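Undergrad: When I checked TrEMBL for this same protein, it listed these features:
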{"type": "TRANSMEM", "residues": "39-63", "note": "transmembrane segment"}
{"type": "DOMAIN", "residues": "81-214", "note": "domain 'Peptidase S54 rhomboid'"}
{"type": "TRANSMEM", "residues": "83-108", "note": "transmembrane segment"}
{"type": "TRANSMEM", "residues": "120-140", "note": "transmembrane segment"}
{"type": "TRANSMEM", "residues": "146-167", "note": "transmembrane segment"}
{"type": "TRANSMEM", "residues": "174-193", "note": "transmembrane segment"}
{"type": "TRANSMEM", "residues": "199-216", "note": "transmembrane segment"}
{"type": "TRANSMEM", "residues": "223-241", "note": "transmembrane segment"}
Amino acid sequence: MQAGRQQDRVQQKQYRDAGYGATTITGARPPRAAVVTPVLLALNVVIFFITVAQSGSIASNNFSELFQLGELWNPATLAANEWWRIFTSGFLQFGLLHIAGNAFSLWFIGRPLETILGRVPFVALYFISMLGGSVANLVFTDLGAVPVVGASGAIFGLMGAYAVIVVKLKLNPTWLLVMLGLNVFITFQVPGISILGHAGGFVAGLLVTFALLYAPEKNRLKWQIGGLAIVVVALIGLVAWKDSRTISASCELTTNRGQPTYVCYPE
């Protein structure tokens with residue numbers, strides 16, 4: 001048992017140390033400490049408690065106005081062109097277990113990855129992965145799908161990044177496989193979790209990190225920016241295709257039995 005724990009610590013140190021040197025593995029300036037991850041975590045926690053205060057409930061915070069206006073709901077996002085929901089939904093968490101689980105995962109996975117990649121590449125990875133998770137939900141579900149929220153699409157993108165790093169640096173994959181296996185198990189076993197959101201975020205994270213790590217050395221930054229642009233344009237193209245097949249609607253925030261409720265009507 002002790003030997004196994006020691007091996008886990010050694011593997012995790014290899015992951016962390018991969019980003020140290022004159023530059024990170026993406027060619028970025030190495031950060032002295034993770035800054036972006038704590039900021040993202042703080043935003044998620046603060047927004048969660050705002051929704052709790054608005055709804056008056058820690059278990060039913062989805063009835064807050066902020067939650068209703070920010071969740072990823074297909075009719076509002078596609079039919080009413082409320083595109084901000086693609087990103088605002090990634091900062092909303094439903095209930096205490098949701099915020100606790102995502103906060104732990106973001107802190108545990110994000111901090112070492114930020115030092116491995118560098119701050120700017122990490123920010124690009126996080127938000128493009130969030131975009132990928134939202135796009136998967138919008139494109140591959142119908143207008144009757146339930147609203148989706150959560151940072152887990154972006155977090156799965158971080159795990160996708162680790163997969164590319166393991167291959168690129170020929171690291172021991174055990175720690176990654178355990179972490180990924182646990183999250184996949186939770187995805188399929190816990191009711192109400194967005195499988196599409198997790199899958200979309202993971203694939204986006206793979207593509208982003210591949211573009212960052214496998215860019216040619218000559219004009220590396222230009223190749224990296226071009227690779228990220230291709231991923232973003234492809235995701236936007238998928239949403240544009242789905243939007244072209246969706247009838248227009250008008251939406252408004254109203255109340256139902258005293259609770260804020262967002263409703264949409266076909267035009």
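Here, residue 1 is simply the first one shown, and the rest follow in order.
Every residue, even glycine, has its Cβ placed from backbone N, Cα and C.
Note: TrEMBL annotation is automatic and uncurated.
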Undergrad: Taking residues 6+ outside the transmembrane segment (146-167), which of them lie with a CB under 8 Å of any CB in it?
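TA: For the transmembrane segment (146-167), the far contacts come to 15, 18, 25, 40, 44, 62, 67, 70-73, 89-94, 98, 102, 105-106, 109-110, 113, 116-117, 125-130, 132-134, 136-137, 173, 176, 179-180, 183, 193-194, 197-206, 208-210, 213.
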Undergrad: With Cβ-Cβ distances below 8 Å as the criterion, list the same-chain residues six or more beyond the ends of the transmembrane segment (83-108) that contact it, or say none.
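TA: The answer is 37-38, 40-41, 43-45, 47-48, 51, 58-62, 66-67, 69-73, 76-77, 127, 130-131, 133-135, 138, 147-155, 158, 183, 186, 239.
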Undergrad: Mean pLDDT across the domain 'Peptidase S54 rhomboid' (81-214), rounded to an integer, is what?
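TA: Mean model confidence (pLDDT) across the domain 'Peptidase S54 rhomboid' (81-214) is 90.
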